[in-house]
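Per Swiss-Prot, the feature N-linked glycosylation site maps to Asn27, Asn110, Asn143, Asn239, Asn285, Asn495, Asn535, Asn569, Asn597, Asn638; the stated evidence is sequence analysis. Annotation source Swiss-Prot lists signal peptide at 1-19, citing sequence analysis.
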Amino acid sequence: MRLRTSLGVASACASVASAALKVTEDNSTITLANDRLTSTFAKDKGRVSELFLDGQDLLGPISGNTGVGPYLDCYCIPSGFYTAGSTDPRLEVVQGTDSTGTKYAGVILNDTYTPTGQQFQQYWFLRDGETGLHTFSRLAYYNETTPFLRNLQEFRTLFRPNTELWTHLTSSEAQTAPLPSKEAIANEVVVQDATWRFNNTPNDAYYTQFSEYFTKYTFSNLWRDNSVHGLYADGTNSNGTTYGAWLVMNTKDTYYGGPLHSDLTVDGIVYNYLVSNHHGEGTPNITNGFDRTFGPQYYLFNGGKGSKSSLEDLRSEAETLADPGWNADFYDSIAKHVIGYAPSSKRGSVQGQVKLPKGSTRPIAILTVDGQYFQDNSVEASSHQYWAEMGQDGTFQLDHVKEGKYRLTVFADGIFGDFVHDGVEVQAGKVTKVQETWEQESAGVEVWRLGTPDKSSGEFLHGDAPDPTHPLHPPQHFIYWGAYDWQQDFPNGVNYTIGSSDPAVDFNTVHWSVYGPTPANPDVEYDTTHDWTINFSLDKKQLQQRKTATLTIQLAGAKTAAGNTDVYNATEPYANLALESYINEQKEPLTLLVGFNQSSSCIVRSAVSCYQVRSRMEFPADWLNVGNNVLTLHLPRNATDYETAVLPGTVYVQYDALRLELA
């Protein structure tokens, strides 16, 4: 039996039950409930207004946009932010039995933003026997009069509680902390956009255990590494019973940016960031005919019923669901309700092996839109993406891949460059075989390398190394950049010697043009920041009969005056940023130009891996000396931009790895 009820007009109270699953409607609300989870939707807002697990209120009282969710909002109308359901929310109920014999019920929000005609849909589904909500989100734009509207800058769903129930937030084992107390928040000091200092409440648990600084970016993560994040209640405010609220990324194919996309996860709100440019990656344009359905993802609520389970145990339970094969039969059954969702009948698999270069570690195989760099797949708004960790023999398997043509990209820690193969055809119901060999790039004999090519600047000072000053030891880069003191770390600037210096101590995770001011130091430093020195020695044998040298620089991120907007501003002299490399006494530099559309807000938003930029620069080998040599890495001195938010104006680059080759 399938029941479909339009709820745009108020109706009398009605209840339809199927086993434990029940749908109830009155003039103002719709309620979906099974034996354990009850979710109530407000008709006038088009969002979840109440959520109970085993009788425990998970949201708390509504206050503005808190005490609600999951709900959908965006930064996508001409003026900026919009919450779906704000104009003319129309809710619709669907019910049925899926192919496994399990009852389900769903609520679908339909809303149109009248000034532009943008259509929003948000889907929530509850199954019998589950304690979570399956979600899909859709945006459509059909407007021939204004064929280009703007970019889709943010598109997200939010679980936004307003209750003392939740005590901890977590996005990984290393990013787990107590939530700051009300007292800490009341006495916080703003130090940057969405960043606060808790120095006025030094006894707060967050301060003593995790950090003096709090920012939502501390809990951001790469999509490669992130499948589950959320909130935990340790029982302090729930009579000893523990609870978890999790966003489970069981599918990632409708996000953009591939496995290196990083985004916000949790900060007291549990986010599902479907689209954003927080760390500088591209976003799709909203043009006539744009029609995109994101999902599914799953908001899981667990614990309860006297649970004493730890945060780690409840998170592990959520992690078991973070698999695109989980509930695939159910999603096939509800595809008839979800506009734009591709069921299994439109999906195939890719099975392959790429012979890897010697020294490869953590290899990964990525499918993204054909003909485009994998971080740029948002240029094709309808594109899908997939990736899988590879075996050390280069084997990989990708299932549930939507039919179409893809680019295969492989990269691995320890190897410069990527393997790229276009034209991988995926057909529904079939297995596509791939057999390739990755011949790593080479410009001769490698003389030296600095850093590990791994798409990250985390191996350098204040990167991935754990913070020794707090017992939870978060990686240092997750903490606000201003917690560190450049003048103390590098009073004479960076002067690194190949073979004797320690990259974790003597090479910073970010090359600033300007540093400061910080909360602890009002000084602004630009004399020791913009030029870095790398010393290296070559013997006569290394240079014998060598004609060409090649310097490779890979950047894990770079911020130009364009910030993360991808917009060129002619009034900003550093919209395109030149990183210049000077060899010994040569007057002409080798130049890596970071374009305005390659810029990212990386370290200032607590990240060490953002939009990747690289260059291989040749020069005559006779520029090099037998004996001592000096490479100077130069950024423009005191180069800044105009910032509308409370953010540092300096430009900067973050090195992934460098190497010198001779041929």
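Heads up, residue numbers simply count up from 1 along the chain you see.
Note: Cβ is positioned from N, Cα and C throughout, glycine not excepted.
Overlay of Swiss-Prot feature records on the structure.
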residue: Asn110; record: N-linked glycosylation site; contacts (Cβ under 8 Å, 6+ apart): Pro89, Arg90, Leu91, Glu92, Gln119, Phe120, Gln121
residue: Asn143; record: N-linked glycosylation site; contacts (Cβ under 8 Å, 6+ apart): Thr116, Gly117, Leu149, Asn288
residue: Asn239; record: N-linked glycosylation site; contacts (Cβ under 8 Å, 6+ apart): none
residue: Asn285; record: N-linked glycosylation site; contacts (Cβ under 8 Å, 6+ apart): Phe148, Leu149, Arg150, Asn151, Leu152, Ala381
residue: Asn495; record: N-linked glycosylation site; contacts (Cβ under 8 Å, 6+ apart): Asp506, Trp532, Thr533, Asn535
residue: Asn569; record: N-linked glycosylation site; contacts (Cβ under 8 Å, 6+ apart): Ala561, Ala562, Ala575, Phe596
residue: Asn597; record: N-linked glycosylation site; contacts (Cβ under 8 Å, 6+ apart): Gly282, Ala562, Asp566, Tyr568
residue: Asn638; record: N-linked glycosylation site; contacts (Cβ under 8 Å, 6+ apart): Ser513, Val514, Tyr526, His530
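Taken residue by residue with DSSP, Asn597 (N-linked glycosylation site) is part of a helix. Of all the glycosylation sites listed here (Asn27, Asn535), it is Asn27 whose C-beta has the fewest other C-beta atoms within 10 angstroms.
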